[in-house]
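Take a look at the structure below.
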Ligand SMILES: Nc1nc2c(c(=O)[nH]1)N[C@H]1C(S)=C(S)[C@@H](COP(=O)(O)O)O[C@H]1N2
Ligand SMILES: [Mo]
């Protein structure tokens, strides 16, 4: 498969680049966007033709009230940092994709809900978000590349989507799929990647309180580089499970094969639960570099969310739960 010789490029370990280099990269990007430190990060998209993007059309839903059950022991990552250092391979296999991602048109944005459900349907994002109970949660995020951040997401529990979608009792997994539009997302012209990006969880994981569908961040509609208009946040798993810009949600009895698993099953598996004691084949997972501060801190089992999720994995000890 042609991906083999590209491998060092797509999965360059974060630990191979210095915090200084990353910081310089962000600074250069922010300068390019005409953003000054401390100011709002990205200007509203200049492309809001055709009745505007989802963000402008749903701005009135924000801010949502914060759910105090989901707070954290770490400072929030400044918005100008987290929104200028992203993994979104559809727009390039590097972190400075924020500007390119502004080309994504998020209105209209239809989401298909299909597979093992009472009644398959397609719903516009803006209709869906208005039916869902929005709240803000502060979540940690731990990328498999050993960096981390802390973000105030706004969204709704995945369990609320389950109640809306009405899967049948035959459903065992939820499969998520991102848009596929190489004309807009230049990374999707790189045919050695198995587009579209796919992720999946078990029904039990989907029903867990922590599983969250994100529609906003920093008390505003979601910026495009974060995966507008709808992305997942699974804070106890490596970041690649938190799929962006979801177009299709399918209930199935077959374990989905995710994007990264398809590329390198030995490195990125279905479960991908955070565990400092199970190294990635090419680097340690014991510690993580905190975005912005550059501080190195110990990584925690399940990214610190063990009390909420450890029971999901009882009896599955034989499986590759931690990659
Ligand atoms: N569709 C899609 N979703 C994606 C990715 C991607 O490349 N494409 N990258 C993943 C990875 S590796 C991480 S760490 C997070 C990054 O989210 P952020 O850019 O909001 O920090 O998005 C995840 N979701
Ligand atoms: Mo990641």
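Note: Cβ is positioned from N, Cα and C throughout, glycine not excepted.
These come from TrEMBL:
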{"type": "BINDING", "residues": "86, 89, 90, 143, 178, 231, 242, 243, 244", "note": "Mo-molybdopterin binding site"}
{"type": "DOMAIN", "residues": "106-260", "note": "domain 'Oxidoreductase molybdopterin-binding'"}
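In this structure, residue 242 (Mo-molybdopterin binding site) belongs to neither helix nor strand by DSSP; it is coil. Taking the Cβ of residue 86 (Mo-molybdopterin binding site) as centre and 10 Å as the limit, one finds 21 other Cβ atoms among all the protein chains shown. Taking a C-beta cut-off of under 8 angstroms and a sequence separation of 6 or more, residue 242 (Mo-molybdopterin binding site) has the following same-chain neighbours: 141, 199, 227, 231, 232, 233, 234. For residue 90 (Mo-molybdopterin binding site), applying a Cβ distance below 8 Å and a minimum sequence separation of six or more within one chain yields 178, 179, 185, 187, 188, 195, 197, 244, 245. The maximum pairwise C-alpha distance among 86, 89, 90, 143, 178, 231, 242, 243, 244, the residues recorded as binding Mo-molybdopterin, is 19 Å.
Annotation note: residue 90 (Mo-molybdopterin binding site) sits in a helical segment as assigned by DSSP. Other Cβ atoms within 10 Å of the Cβ of residue 244 (Mo-molybdopterin binding site), summed over all protein chains shown, number 27. Averaged across the domain 'Oxidoreductase molybdopterin-binding' (106-260), pLDDT for the predicted model comes to 98.
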